[in-house]
């Protein structure tokens, strides 16, 4: 908090300096753009006392989240279960609906303690936005996308993607009914605690009984990693090797010296949520991740190293441009390296879309504190087609069960990322000669850009721009396109889409969902 206050003061001093210039009349594009970026101060625009308060509120919410522990379902005397790794592992492995329900409910009981703090957070956050000439935090969050119609563009993307999600939803609901019986209704939303993930945002953890072609042996990547003696270090060395194969930059010595790649064993409390850090001195870049030896964490390591690669590529830009062309680009880069399974990618889309739709409503005053939770469930049910395992009320505060809500981290970036990464992937695959839209022998979902220095060079050109130009300019460098477009994702998953349609028809599965019977 102390360092944050010092940083805010420095930012405010710089900002006051820029206000002395009539920069809007400047002719030089680059100088004008840097001034424009410096003119948006963010939270630091608040008076010092309020700034400190806002930072402390966020820090307190994060502390509640990071230290929340619940009791074990089977042994009520054991009450030290954290989200990582214990609760996450139960949701991955347990197939007892009562145990899953217990974990789901108890975690939310603990994180609901942030509700009053969250109300204050919204108030101060909006005040900061208004001091930056935005109507609310919504406008401030969307500013980097540099488009007044961006919300409508995002809605259009979701409309493009909805049909494949509906097919996946119907298929998975059928499989859950076969597994759990009547606690999953034939035509209703899916109970949120049965999907293998605390927020029902990715469904890959229930692949053991939902996977098509169950007679085909699945690649056991986790088992193989354990057999080959993988360590957290080896996982990150493997990720680095992929980037180097594209002729991108190696990790610098300080990365290996100062990163935290596994959960500390010295009793320190640590937010285990994986993250990548740029220390802005052009040599110190770090990852903080409580790495477990499994396939998921191998993917996460590639994702986080994608952030580091972006940091490295734009490190010679002026500091104000050392960021992604938009925040969705940053999330997409690592994912291009690790394009994975449909159960995770497609299932995630509506969740990523509704997280910020709910917050925009909160910031804009259309969702009041009196109906925070019920509105949250309205979105989860209508957009995502899931329902809580028990009735909810305004005594609950379920949005706070998710890290990004309490940590003041916008989420739309992940939705954007899932769309643009397939545009990037398609372009990189064409450059690598691994994909040809006219050749059925070279479909998009089979492309692998490993060792393609040509694709790497083109990717690097886009990354090196940072935010020195609007994101359509950066996208054009790699893809030749200037708009976000879900056709890359839909093409990648078209074999799956066709299969799901046929399977759902065969099973007489209901597409979509009727209103939930759960009350809020």
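Think of each number as a place in line: the chain as shown, counted from 1.
Glycine is no exception: its Cβ is also placed from the backbone N, Cα and C atoms.
According to TrEMBL, the feature chloride binding site maps to 145, 413. Within the same chain, residues at least six positions away from residue 413 (chloride binding site) with a Cβ under 8 Å of its Cβ are 326, 327, 328, 330, 331.
Residues or ranges marked as Zn(2+) 1 binding site in TrEMBL: 303, 307, 331. Other C-beta atoms found within 10 angstroms of the C-beta of residue 331 (Zn(2+) 1 binding site) number 24, with every protein chain shown included.
The feature Zn(2+) 2 binding site is assigned by TrEMBL to 303, 307, 331. In this view, residue 303 (Zn(2+) 1 binding site) is surrounded by 23 other Cβ atoms within 10 Å of its Cβ, with every protein chain counted.
TrEMBL lists 304 with the feature active site, proton acceptor 1. Residues near residue 304 (active site, proton acceptor 1) in space but far in sequence (CB under 8 A, at least 6 apart, same chain), listed by position: 274, 275, 276, 287, 289, 334.
Residue environment of residue 404 (active site, proton donor 1) contains 16 other Cβ atoms, counted within 10 Å of its Cβ in all protein chains. TrEMBL lists 404 with the feature active site, proton donor 1.
Per TrEMBL, the feature active site, proton donor 2 maps to 404.
The two recorded residues residue 404 (active site, proton donor 1) and residue 303 (Zn(2+) 1 binding site) have their Cα atoms spaced 17 Å from each other. Neighbours of the Zn(2+) 2 site: apart from 303, 307, 331, residues of the same chain with C-beta atoms within 8 angstroms of the site's C-beta centroid are 276, 304, 306, 330, 332, 333, 334, 335, 417. In this structure the alpha carbons, written CA, of residue 307 (Zn(2+) 1 binding site) and residue 145 (chloride binding site) are 19 Å apart.
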